[in-house]
Every structure is written in structure tokens, then in C-alpha cells.
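Here is what Swiss-Prot records for this protein:
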| type | residues | note |
| --- | --- | --- |
| DOMAIN | 6-245 | domain 'ABC transporter' |
| BINDING | Gly38, Ala39, Ser40, Gly41, Ser42, Gly43, Lys44, Ser45 | ATP binding site |
Amino acid sequence: MSPSVLEIRGLRIETQAGVLVHDVDLQLRRGEVCTLVGASGSGKSLSCLGLLDLLPPGLARTQGQLLLDGQPLAASSVRGRLTSLVLQNPRSAFNPVRNMASHAIETLRQRGITSAVARARMAHCLDAVGLADTERVLQSFAFQLSGGMLQRMMIALALMAETPFLLADEPTSDLDALSQARFLDLLMELVQVHGLGVLLVTHDMGVVARCADQVAVMEAGRIVECQPAHELFQRPASATARTLLHAHQVLCRSQP
């Protein structure tokens, strides 16, 4: 039976200068999108990286328990087996001297898939994310593909890895409006079809409105509000959520 709920409880991230993330609780459910929203510098990306134990040098996760369907698990078992990560800057996710086929082969090898079966699996996953020209994409290097195509390639690698959960850190911020819309459409399709559980980090309330089932609002390293998306938009409980919603409404009114 596949896992259905991944939780982090009491996540704390510190430097020598002090605490940056304070006792964060998050819950991801299969088939749902949980958005972690807040202003720049609020601790969203750090929380995402802390969950995967991928913090940069000088930062440490000093507290926090991971649970899968209520059972404790080690952080080392989360990456690759349970979760995949989509980064804000897609080019930084790929080795620039290796083509896409090399990245795909490495991912599939971790699943014990090789030879002709691997090639068929690559083609299937690339087609699922809208990268139809399979051979051209697989022979391409990161500098030869657009940002939108690289984001899709990261999703394809997640499908190859067959992880039940996906963490996406500001995945649309470097994309143009059309590529952003296509990426979000793809993400929602994969949630519905494959039952992915997604943690989507964003500062864009438009993205939240479009995708979110649950919303966690972050300010100064703390979760200040967490509730279903439709309730947050109707009755925001925190000043931070009200400020974000007001800014979103002003921006929408200013657009032609």
C-alpha cells in the first residue's frame, strides 16, 4: 500500500547567529497541493530544503521529526525514495556537461530499471509532461532547452523516480506567463492523475488560488496560519495573509 501522508513536525533551522525557522509543522497528502506562501525572506525555501536535509553550509536543522503515515522515518530515506524536488532555477538542477538522457538513466538506475525498459520509460514520462520530441530532448544539454522545458524535464525525472511526493520551490518565478500557466496545468494534471502530494512554495497568491488545497502562511520563520485555500481567501485569519491577499487584489486590478 503506497504512503498517503508525509509530515514534518517542529522543524527548526538555526545558524550560529540564531533561529531562522521556528517549530514549523507541515502535512502533505497524496492527491493534494499544499502551498507554503509568504514574502521573500520569510523562511519558505529554507523550510523546504530543511525537510529534505539539503540546507546550505552554516545552517542546521536542529529539531524536527518526519513521519510517513504517522510512523517516524529518517531524513535520509526521504530524498529520492519518497520525494522529488523542483527548483526555482531549473538550470541549476542539471549537470551542464551531461545531457538529459544521462540524467534520466541515472534516475532510472536508482529504481533498478535499465536497457530497453529504461528507454521506453523515458519516452513515456517525457510524453506525459508534454515533451513530445523525445530523442531531441534526451540528447540536449541544459543550455539548449528553455526554462519551461527544463521545468518539465524535472517533473519527468520525478515521474521516473516514482516518488509519491513532490516539493516545488518557487517553480514558476523564472518563467514567462505562458510557460507558468502550462507548468501549473501540468502540475495539477499530475496531482489528479498520478495522485502526487505536492508542497508548492510561492509568494504568488494567484498561484495559490489556482492550485492550492491547503495553504500555510509564513512570516519571519513561523507558520502564522494554515487552513483550506477557499477558507483563507474568504476569511484570512492572519495579518500576513490579509496583506498578501490585498497586494494580489491590487495587482489584479492594475492589469488591463
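Using the three backbone atoms N, Cα and C, a Cβ is placed for every residue, glycine included.
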Exercise. Within 8 Å of the Cβ centroid of the ATP site residues Gly38, Ala39, Ser40, Gly41, Ser42, Gly43, Lys44, Ser45, which other residues of the same chain have their Cβ?
Worked result: His203, Met218
Exercise. What are the non-local neighbours of Ala39 (ATP binding site), defined as same-chain residues 6+ apart in sequence with CB under 8 A from its CB?
Worked result: His203, Glu219, Thr240, Leu244
Exercise. For the domain 'ABC transporter' (6-245), what is the mean per-residue pLDDT, to the nearest integer?
Worked result: 90
Problem set entry | Winner by Cβ contact number (other Cβ atoms within 10 Å) across the binding-site residues Ser40, Ser42, Ser45 | Ser42
Problem set entry | Same-chain residues at least 6 apart in sequence whose Cβ lies under 8 Å from Gly43 (ATP binding site) | Ile13, Leu20, Val21, Val24, Met218, Ala220, Gly221, Arg222
For this session: Out of Gly38, Gly41, give me whichever of these binding-site residues has the highest number of other Cβ atoms within 10 Å.
Result: Gly38
Exercise. Among all the protein chains here, how many other CB atoms are within 10 A of the CB of Lys44 (ATP binding site)?
Worked result: 26
